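Okay, so here's the structure we're looking at.
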Amino acid sequence: MILSDKDILNYVNSGRVCINPFNRNFVGPCSYDVTLGEEFITYNEDVYDVKKQLSHRSFKIDNSIMVCPLHHHLDEKIIERYKEKYSIDCVVSGGLLGTTNEYVELPNDVCAQYQGRSSFGRVFLQSHQTAGWIDSGFKGKITLEIVAYDKPVILYKNQRIGQLIFSKTLSPADIGYSDRKCSKYARQTSVMPSLIKKDFENDLEE
């Protein structure tokens, strides 16, 4: 059962669902809009060897960032021209990880799904790849996987980037996501790189 605007407000007002910060104007008919935070990660790897710790760079923006498609030609001259022309803080090509401003806490009988806003789909920017599902009992900020597929897109800190759709489960989970021993991204308060290498470590322990 998907929660309506009335349900979302009831769950938030009762404290069963926590969204911090919460903005009443971001409640849609059956969703809640979330905003883009200031923290990002780009990887330094030529090849993603998922058995290993992936080298990455973390950074923050003051105002805006330009996301370019992977094969969009960039050099220092072009980057400086973009920065000057569009008054942006940073220019990146290829995929990058971002995060929501919102810290979300779900009870064991509510799960959620993240979807990018359709307005961004219309400029061929995707803000999640495969990680749109949020298990019941999750606590943390939502990490975003951001890719531009056509032309460069400028994103602004604190703008609405996507939405959460909440669903009520038929029965509560025995152990919520953030209480599971093997949960990799529980209680994340910032953008997090892939921790898939832990899958191999856990397999060895078992």
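Residue numbers in this text run from 1 along the chain shown.
Placed from the backbone N, Cα and C atoms, the Cβ positions cover glycine too.
The secondary structure of Ser119 (dCTP binding site), as reduced to three states from DSSP, is helical. The dCTP binding site annotation in Swiss-Prot covers Arg117, Ser118, Ser119, Phe120, Gly121, Arg122, Asp135, Thr143, Leu144, Glu145, Gln163, Tyr177, Lys184, Gln188 and is backed by sequence analysis.
The feature site 'Important for bifunctional activity' is assigned by Swiss-Prot to Gly132, Trp133, with sequence analysis given as support. Within 10 Å of the C-beta of Gly132 (site 'Important for bifunctional activity') we count 17 further C-beta atoms, all protein chains included.
Per Swiss-Prot, the feature active site, proton donor/acceptor maps to Glu145; the stated evidence is sequence analysis. In the three-state DSSP assignment, the secondary structure recorded for Glu145 (active site, proton donor/acceptor) is strand.
Taking each of the binding-site residues Arg117, Lys184 in turn and counting other Cβ atoms within 10 Å of its Cβ gives the largest count for Arg117. Here the C-alpha separation of Arg117 (dCTP binding site) and Gly132 (site 'Important for bifunctional activity') works out to 13 Å. Around Ser119 (dCTP binding site), taking its Cβ as the centre, 9 other Cβ atoms fall within 10 Å, counting all chains.
In sequence order, Gly28, Ser31, Tyr32, Asp33, Val34, Tyr114, Gln115, Arg117 are the residues of the chain that are 6 or more apart from Gln163 (dCTP binding site) and have a CB within less than 8 Å of its CB. Counting in whole angstrom, Ser119 (dCTP binding site) lies 21 from Trp133 (site 'Important for bifunctional activity') by their C-alpha atoms. Residue density at Leu144 (dCTP binding site): 25 other Cβ atoms are found within 10 A of its Cβ, drawing on all protein chains shown.
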